[in-house]
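Data block below; observations after.
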């Protein structure tokens, strides 16, 4: 093999190897930051992974919010009207957090089936609902009746 061709081949091989390593590291880094969305029906059915960071969303079940008087711990249930999931959160809740309102919580599901949230997001006006929550409610039994709130939420997709 001619020395110039050998040198070019070596350079090309190093470039291909470098690009492959960069793509592999980027894919690994992005995989660590993906938070998949699960609705309460999927979580209750056991389809959500345990001890993996996920997002769970739905409506805060009426009468389910209980606050610890000595700390910032809050327990509540998130429902899609077909199933509900208990959620534990320690921290300051958003001002718009209320029973009967839409929320998206980020955290991990423990072995007992309790979603331990480290972040809770509440909707920002009376018509908005996160698209994932609107879809989950639409798929649930109440969603088959197409309530006016779910229809409005499905139309409003701006964050």
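Each residue, glycine too, has its Cβ placed from N, Cα and C.
Checking Swiss-Prot for region 'Disordered' across the ranges 110-134, 135-159 points to 135-159.
Taking Cβ pairs closer than 8 Å, the transmembrane segment (9-29) reaches residues 1 in its own chain, all 6 or more past its ends. Beyond the ends of the topological domain 'Cytoplasmic' (1-8), by six or more residues, the same chain brings no residue to a C-beta distance below 8 angstroms of the stretch.
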